[in-house]
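K.L.:
The structure follows.
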Amino acid sequence: MKVTVVGAGAVGASCAEYIALKNFTSEVVLVDIKEGFAEGKAMDLMQCASLNGFDTKITGTTGDYSKTAGSKVAVITSGIPRKPGMTREELIGINAGIVKDVTANLVKHSPDVIIIVVSNPMDTMAYLVHKTSGLPKERIIGMGGALDSARFKYRLAEALDCPISDVDGMVLAAHSDTGMLPLTSKATRNGVAVSEFLSAEKLVEVEEATKVGGATLTKLLGTSAWYAPGAAVSVLVQSIVCDQKKMIPCSVMLDGEYGESNICVGVPCIIGKNGIEKIINISLTDSEKEKFATAAKAVRDVNGDLGF
Ligand code: NAI
């Protein structure tokens, strides 16, 4: 099965690497606008194949979308990342044009494609893909919750001083510093509510550290992160390609779910060979409902800048 990754930068190359390492698909095509860049990244990654033991074929192209024809999944990572001190929302001016163009090229050559949107501001870019691609809503998935939930689990395990595999938790709502909703009420350690182990103050600290997880890394790295984003994308792609039907929080077009419509924000979804196979409605506390609505309103305001 063919998987295309547009943008061979930090995040795109990391996506291609993790997808290849997991060896579940036959081909990955990397696309970039920078002359020779995707070809170079593909060659470098292919020279890992015998060392790391994968058979996935990775190729690169400078903007020739005919090479992406027949892709089952396409991941859009093209665009600029934020610099320290910037919000994801500040990227909209440049990234909207790039994402719109890339989407048109992908759909032209792969009309049955499932698109995973990564470029920021991600919830708004997913909405843009809905408004411009003509694809059914089941085939447009925004990647944010998978990464933010992994960051939440990292912070929970740190606070609990326990292995990460012992904790579970999800982050819903917006992929933004203020709009993320880590569900502390439902987070568990081996099935036991984390509130049994952590004080209310500590839980607020975990929540806050999770919400600024991306900004913390941007400050340290001088640009946004790439390992965990690439790994998060690979989990989504594998759930589609292998029809695993994993439940993963994704930014999807809502039609009344969680009290919202005509907006993409993060909710728990079953991801399988058809893309979003089901949106799962879980019960939220009154405070979580209020935070979800506030986050959705902020995303709607940013969507307004697209002019639809
Ligand atoms: P990067 O600058 O390393 O790579 C972006 C690549 O896109 C560059 O190689 C550039 O040449 C390419 N590009 C630009 N315009 C293009 C076009 N029209 N067609 C094809 N390629 C094009 O940036 P990085 O760090 O890889 O980040 C990419 C995007 O992903 C950013 O918008 C960033 O904010 C976002 N991001 C989203 C995350 C999420 O959880 N949704 C997590 C991390 C980053």
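A Cβ is built for glycine as well, from the same backbone N, Cα and C atoms used for every other residue.
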K.L.:
Among Asp32, Asp101, Asp112, indicate the single residue that TrEMBL lists for the NAD(+) site containing Gly7, Ala8, Gly9, Ala10, Val11, Gly12, Asn95, Val118, Ser119, Asn120.
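P.N.:
Site partner of Gly7, Ala8, Gly9, Ala10, Val11, Gly12, Asn95, Val118, Ser119, Asn120 for NAD(+), according to TrEMBL: Asp32.
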K.L.:
Per TrEMBL, which one of Arg88, Arg139 shares the substrate site with Arg82, Asn120, Arg151?
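P.N.:
Among Arg88, Arg139, only Arg88 appears alongside Arg82, Asn120, Arg151 as substrate-binding in TrEMBL.
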K.L.:
Applying a 10 Å Cβ distance cut-off over all chains shown, what neighbour count does Val118 (NAD(+) binding site) have?
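P.N.:
Looking across every protein chain shown, the total is 30.
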K.L.:
Are any of Gly9, Asp32, Val118, Asn120, His175 (the recorded positions) within 10 Å of Arg88 (substrate binding site) when you go C-alpha to C-alpha, and if so which?
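P.N.:
Asn120, His175, listed in sequence order.
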K.L.:
Return only the integer: C-alpha distance in Å from Arg151 (substrate binding site) to Gly7 (NAD(+) binding site).
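P.N.:
Their Cα atoms are separated by 23 Å.
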K.L.:
Within 10 Å of the Cβ of Asp32 (NAD(+) binding site), how many other Cβ atoms can you find? Include all protein chains, please.
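P.N.:
There are 25 such Cβ atoms around Asp32 (NAD(+) binding site).
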K.L.:
Which ones in the same chain are close to Arg82 (substrate binding site), with CB under 8 Å and 6+ residues apart in sequence?
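P.N.:
Once residues fewer than 6 apart are set aside, Arg82 (substrate binding site) is near Arg88, Glu90, Leu91, Asn120, Thr218, Thr223, Ser224.
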K.L.:
Could you state the whole-number distance in Å separating the C-alpha atoms of His175 (active site, proton acceptor) and Gly7 (NAD(+) binding site)?
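P.N.:
For His175 (active site, proton acceptor) versus Gly7 (NAD(+) binding site), the Cα atoms are 20 Å apart.
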